[in-house]
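S.K.: Mind looking over this structure? Questions follow.
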Amino acid sequence: MPDQLNSRVETCYQQAEAFFKRTFKRPVVSFQLRGQKAGVAHLHENLLRFNPQLYKENAEDFLRQTVPHEVAHLIAHQLFGGSIQPHGEEWQLIMRGVYELPPNRCHTYAVKRRSVIRYIYRCPCPDSDFPFTAQRHGMVRKGRRYLCRRCREPLVFSGETRTE
């Protein structure tokens with residue numbers, strides 16, 4: 001899986017070098033990205049991070065659009081410095097001029113939402129389910145208290161969880 005992507009990164013750099021007639025420092029490429037982002041360019045670290053799940057599900061478009069998109073950020077930074085806008089004129093110039101691609105800001109890949117566990121808290125009021133996030137549940141375990149707005153009694157963990 002990473003071989004094709006690494007090869008595409010190298011091809012993008014070679015295209016940029018031919019276009020600008022200069023060399024560019026190659027980045028470190030990582031597959032340590034999760035969530036909704038397909039890729040991230042870390043300008044000061046000269047690092048590209050890619051989402052392996054989105055790559056696997058959208059390989060063709062990922063190689064055609066996402067990889068040049070992220071490489072263009074690093075090229076723009078090396079050419080124009082840190083005072084440019086992330087998807088500004090300079091980046092767009094590279095997308096259109098070097099890669100002959102539309103300068104799309106965001107991908108349209110289907111992103112699966114992960115299931116979320118809710119911890120059910122209750123008070124004496126009838127029908128008083130309060131679904132807490134894992135973070136809020138953790139705060140209660142550390143001693144934080146939450147009160148019902150109706151009866152002003154503390155909310156107590158019922159022992160139940162719900163997956164959404």
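Each residue, glycine too, has its Cβ placed from N, Cα and C.
In case it helps, Swiss-Prot gives these features for our protein:
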DOMAIN    13-156  domain 'SprT-like'
BINDING   His69, His73  Zn(2+) binding site
ACT_SITE  Glu70  active site
S.K.: Under a three-state reduction of DSSP output, how is His69 (Zn(2+) binding site) classified: helix, strand, or coil?
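M.R.: For His69 (Zn(2+) binding site) - judged by DSSP and reduced to three states - the answer is helix.
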S.K.: When you measure from the Cβ of His73 (Zn(2+) binding site), which residues in the chain that are at least 6 apart have a Cβ under 8 Å away?
M.R.: Ala41, Leu43, Pro86, Trp91
S.K.: Is it possible to get the count of other C-beta atoms within 10 angstroms of the C-beta of His69 (Zn(2+) binding site)?
M.R.: 25
S.K.: Please list, for the domain 'SprT-like' (13-156), how many residues fall into helix, strand and coil according to DSSP.
M.R.: 54 helix, 23 strand, 67 coil
S.K.: Check each residue in the chain of Glu70 (active site) that is at least six apart in sequence and keep those whose C-beta is under 8 Å from its C-beta; list them in sequence order.
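M.R.: Listed in sequence order, they are Gly39, Val40, Ala41, Leu48, Phe50.
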S.K.: For the domain 'SprT-like' (13-156), provide the mean pLDDT of the predicted model.
M.R.: 95
